[in-house]
Amino acid sequence: MSTPTDISYDTPVIPRKVPAGPPLNWISAAVRLLRSNWGVVLPAYLLVFLVPALIQYGAMEMISGGSFFGTVVLVLVSIFVTLLLNAGMVALFHGAAEGNPRFTQVFSGFSGHTIIHTFLMVVMMIVVGIVLSVIGYVIASIADFSFSSVSRYGMGGFMDDGFGPSAGIAAILIMFIAVLGALVLFGALFFYAIPLIVVARQGALEAVRNSLRACFKNLFVLLFFAVNAMVVTQLVLFPTFAIGASTASVVGMTVITIIVSFVWGAVLAGAYYLSFRDILLGKGDTESGNDIEATVPA
């Protein structure tokens, strides 16, 4: 299936370092972007939300029917379709930011280029995951920190081994740093890969390389963005729970929570796109402090 997207960039993709201000703007600008284009964005996001859920429901039915192979196939299909639909949402947000949003852009992920390179990206994710797991196992062996020792002796087994308590603490610290480093590396490799594939039309390898460069150039900015997103999410959802609870109806509380979570999910998806737009496409002048405002309708 090939869907025309009308997405092109004459601006070269160059990972650049942005100041600390944009993370605060990405979320507020995403709210404005959604407000200006809600009639297109929300139905598309509903599709992205429902299709994987229906596929997963089919997988659950197959589990109850005892079809293991069919379940595995449906789960893999669900993951891949979810990635392609999210690629389409990135294309739709790009169209909205450029002033030309269309519902059909949500199917942009099902073009030949995106399907092939998203599949290659998934293969790369599996390979990188295996490599990091092997490296982690080697580090765990060197640190004398194995799961079999945990199950056999408990944490005390480490504390009594080798050089005593200090060796056990050092082993735990080494493992913690190794796991954290692996998670950061894995996330940086693939964080912006999908937008680079669907919007910038890059190949999987080039997209992963640029994603890694962009994330490490803006590591603290992106961490700040993640913290902001989590804090604001709590501020949004807490009143929702309170209002829902005041209805004294489980159904009412559930409906309100789902609606607010759905809309807020669309806002976060827009903020993610705007971070990509700012960091990798250089749309807007981050030096002026009006970087996002210049590209999003008020």
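FYI, residue positions are counted from 1 along the chain as it appears here.
A Cβ is built for glycine as well, from the same backbone N, Cα and C atoms used for every other residue.
According to TrEMBL, the transmembrane segment annotation covers 38-55, 67-93, 114-147, 167-198, 219-244, 250-274.
Contact between the transmembrane segment (250-274) and the transmembrane segment (38-55) holds: at least three of their C-beta pairs are under 8 Å, each pair 6 or more apart in sequence. Across 38-55, 67-93, 114-147, 167-198, the stretch most heavily in contact with the transmembrane segment (219-244), judged by Cβ pairs under 8 Å, is 167-198.
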